[in-house]
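K.L.:
Reproduced below are the annotations present in Swiss-Prot:
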{"type": "BINDING", "residues": "25, 26, 67, 70, 71, 72, 133, 134, 135, 176, 186, 223", "note": "ATP binding site"}
{"type": "BINDING", "residues": "71", "note": "Mg(2+) binding site"}
{"type": "BINDING", "residues": "315, 320", "note": "DNA binding site"}
{"type": "REGION", "residues": "4-186", "note": "region 'Large ATPase domain (RuvB-L)'"}
{"type": "REGION", "residues": "187-257", "note": "region 'Small ATPAse domain (RuvB-S)'"}
{"type": "REGION", "residues": "260-334", "note": "region 'Head domain (RuvB-H)'"}
């Protein structure tokens, strides 16, 4: 798997120890939430309306590519509502009892955040339906003919589900969310503001041009931007005086093999394979996976989304095609 050694992979277990730093620099209020203006403006209205009625916020589904701030937004919502948040994930909730234990410990208007909600088991999902709709918990007591169902009333609460695969949610679950928000890849000016804010939180000396250089190569993803910032900081402290300007950021990121478009060696390997081995395509996923020695799921979920979003790769019914922009980037004649 390539995730373990990709600095620009949005989800990389190798960087879990940096979650503590990420939590320290995450915004706590909607006013500090950079980018995603449509989401921020809508959530501000929904939250204020719920507060005016003294009600729990409607259940909220947040979806989009990894690293765009779904967990951050969930925590901001709880903070703005002035309530507690309990966090879990779909794979952790193996049994109905696991979910029941969380639900029965919620206080009025609290937030329950379930990351990777598309990975809930059908058994757990069935328990969630009446909890979301009627604030009730249906529990089976006993087994066989003696089994009986009892109902437990729950306080009003807000379920916030996060997923990178909204299409994998079942219709009954998806339809029970009153609010749905899609997070998009960030624009460079918004990422620059995020990098500058993170640098200030970390006490770094950073010029606006240095923040811009990091933002350009962060693939539209705040998580990657903050990770690159930390590595640029290391470079500046060892090779310079700790001050980060555009030149320092450029040298650091080139050393890390992250080019001007945010591509690393795996992105280049994939695009070059299509252009040089398959004449630019179309090429099927199986052939492409064999050509670069990577799993199909990794290509589809990790490598392709950004390349497609930026216009370097196309998915067609006949296979993948490298675009004119890809040829231009590598200086290869078509």
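Placement of Cβ uses the backbone N, Cα and C atoms for every residue, glycine included.
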K.L.:
Translate the DSSP assignment of residue 67 (ATP binding site) into the three-state scheme.
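P.N.:
It is coil.
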K.L.:
Should residue 25 (ATP binding site) be counted as helix, strand, or coil on the basis of DSSP?
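P.N.:
Residue 25 (ATP binding site) sits in a helix per DSSP.
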K.L.:
So what pLDDT does the region 'Small ATPAse domain (RuvB-S)' (187-257) average out to?
P.N.:
93
K.L.:
Of all the binding-site residues given, 315, 320, which has the fewest Cβ neighbours within 10 Å once its own Cβ is left out?
P.N.:
315
K.L.:
Per DSSP, how many helix, strand and coil residues does the region 'Head domain (RuvB-H)' (260-334) have?
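P.N.:
Grouping H, G, I as helix and E, B as strand yields 42 helix, 9 strand, 24 coil.
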K.L.:
DSSP three-state call for residue 133 (ATP binding site): helix, strand or coil?
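P.N.:
Going by the DSSP assignment, residue 133 (ATP binding site) falls within a helical segment, counted as helix.
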K.L.:
Within 10 Å of the Cβ of residue 67 (ATP binding site), how many other Cβ atoms can be counted across all chains shown?
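P.N.:
Total other Cβ atoms inside 10 Å, all chains included: 25.
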K.L.:
Within 10 angstroms of the C-beta of residue 186 (ATP binding site), what count of other C-beta atoms is obtained when all protein chains are considered?
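P.N.:
The answer is 24.
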K.L.:
If one measures from the C-alpha of residue 186 (ATP binding site) to the C-alpha of residue 315 (DNA binding site), what distance in angstrom results, rounded to a whole number?
P.N.:
22
K.L.:
In the three-state scheme derived from DSSP, which category covers residue 186 (ATP binding site)?
P.N.:
coil
K.L.:
Give the maximum pairwise CA distance in Å, whole number, for the residues 25, 26, 67, 70, 71, 72, 133, 134, 135, 176, 186, 223 listed as binding ATP.
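P.N.:
Per the listed residues, the maximum Cα distance equals 37 Å.
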